[in-house]
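Noted in Swiss-Prot for the protein shown:
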- 20: active site, proton donor/acceptor (ACT_SITE)
- 20, 21, 22, 23, 24, 25, 52, 53: NAD(+) binding site (BINDING)
- 52, 53, 81, 111, 112, 113, 153, 172, 179: FAD binding site (BINDING)
- 113, 190: substrate binding site (BINDING)
């Protein structure tokens, strides 16, 4: 069903919301996302759900699969995102034809990232330079079959091709009008954390002299705060601002990740209420960028009153009394408060073994086999995280980017951007210049460790304070042409409130095994393997761009390299390294090499150098399992002082 038709059916005084998911990076993550979508769809009843589209159509197959699953299995109207620049027209055509075949009626037409330079697109001329081109194309080819959404930017949009222009939402209005006049039916905004920015934008749009935007549905996008780091990263990538009062609260809460999540929930709830009170009934729906996680979304819906409003609408539409009672029970609307008490059970997760299988509910669940089975009858309190079932459903709520649990639907850098440089070409060239030999690359890695530059292609922010504690070792390792893109020191029981190593709830202790991840040449890798392959204290994973893979880890093995022990809680493993996660990142890491190379024209010294690195280098992760030996890893790597 079309989104605009669904919105038209919302009675006055009621509210709606929708969910956004992104394609997981691993097969088991996709399986667990299916379970999570089932639970969220049944418990929270979104009006529709959308699926993001990877850079240059990189996730096309999985994105379409998820949209089909929403539409046909979960009976939730699906909206498929499509980006048009830097994408072959054949991919767009196939996606649209397949969407129509599966009964998907809604498309969010976006521009996407432009090519880095004229060589990047292999000389092809794209028919789609802007989102409006895609809107026109869909309308011309499919008439009114698809309901088309477009993006708007309450705080303004900065074009990476024209970085000297400052953000100005008013300057963007003519482009928004052009998209609507080309055939767009609804608008979803960029995320924001300043409610006043949206209120001001919405009021201006509604009263624009053209009258073109007076009645079109505008849905504000909401992204819960999952961690301090992810908030900083997302706001930088999206260009949205954060209220100083919110940043003060978050800074005071570091490193308590649970407190940061709760502060985020409170802020979003207040933001929703403020918007609802100041838009004269013109906006009564919100689009939640879930990041494939559910707990914060559930809490926001409950605490803001959106869930209750949505329930009233669904209740009025239900004629089957038995179905009504079942749904009410599942939403816990008739349940006493005692049923929400949290239950703690002993953990079955051994964390100190060299390379144990990953456990969630049983010892038979490995990295490749674990599935989240909390689906059909799980009540809303489970999505909130209450009780033992809630803990099982939200087992991955403390995410850790690409070093997180590969079974999690949220595994990876949860920003939806994929393996890109995250910088406009002009800014990237200022950061990294024009390297012509390997010593230039070594220098860039060392400058990043010393904070002389703010980013390298694989790490788009300054080094953490934790990394600085091992800077002298990393500088020497990079000096040996082992270029590091990830690392951590050994930690034995630091307080969870420690300003450098702490994370998670208060009153706990955190532990870390030392590891390092770097790009090395083939000869150095061979020498390392010859010496350390059979050492029980060392696990390594190595792969290159030719699909060659080497490891001394057991099949389906995984190493928990960061874990926390907290009062009244099961042990939480926030950082896990396994073959499945290494291979997912391996592919992306070499794509980043390619993105960097594409900054430079063909046959230039810099382009040739980086292409040689793609062909000759191996990505290697080395773990030292004795977390009580702070220097163990560096002895293995022969980095002595």
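Along the chain as shown, the residues are counted starting at 1.
Glycine residues also receive a Cβ, built from the backbone N, Cα and C atoms like all the rest.
The number of other CB atoms found within 10 A of the CB of residue 81 (FAD binding site), across every protein chain shown, is 25. For residue 112 (FAD binding site), the nearest neighbour among the listed binding-site residues (21, 22, 23, 53, 190), judged by C-alpha distance, is 53.
Looking only at Cα atoms, residue 53 (NAD(+) binding site) sits nearest to 81 among the binding-site residues 81, 153, 190.
In this structure the alpha carbons, written CA, of residue 23 (NAD(+) binding site) and residue 81 (FAD binding site) are 12 Å apart. The distance from the Cα of residue 20 (active site, proton donor/acceptor) to the Cα of residue 52 (NAD(+) binding site) comes to 7 Å. Among the residues 20, 21, 22, 23, 24, 25, 52, 53 said to bind NAD(+), no two Cα atoms are farther apart than 16 Å. For residue 25 (NAD(+) binding site), the nearest of the binding-site residues 81, 153, 179, 190 in terms of C-alpha separation is 81.
Residue 190 (substrate binding site) is 16 Å away from residue 22 (NAD(+) binding site) when you measure Cα to Cα. Cα proximity to residue 190 (substrate binding site) (within 10 Å) is found for the following binding-site residues from 52, 81, 153, 179: 153.
The shortest Cα-Cα distance from residue 179 (FAD binding site) to any of the binding-site residues (21, 24, 52) is found for 52. In this structure the C-alpha atoms belonging to residue 24 (NAD(+) binding site) and residue 81 (FAD binding site) are separated by 15 Å. Of all the binding-site residues listed here (21, 22, 153), the one with the fewest other CB atoms within 10 A of its own CB is 153.
If you take the Cα of residue 52 (NAD(+) binding site) and the Cα of residue 153 (FAD binding site), they are about 18 angstrom apart, rounded to a whole number. Between the binding-site residues 23, 24, 112, the minimum number of other C-beta atoms within 10 Å of a residue's C-beta occurs at 112. Residue 25 (NAD(+) binding site) falls within neither a helix nor a strand when secondary structure is assigned with DSSP, and so counts as coil. In the three-state DSSP classification, residue 81 (FAD binding site) falls within a strand.
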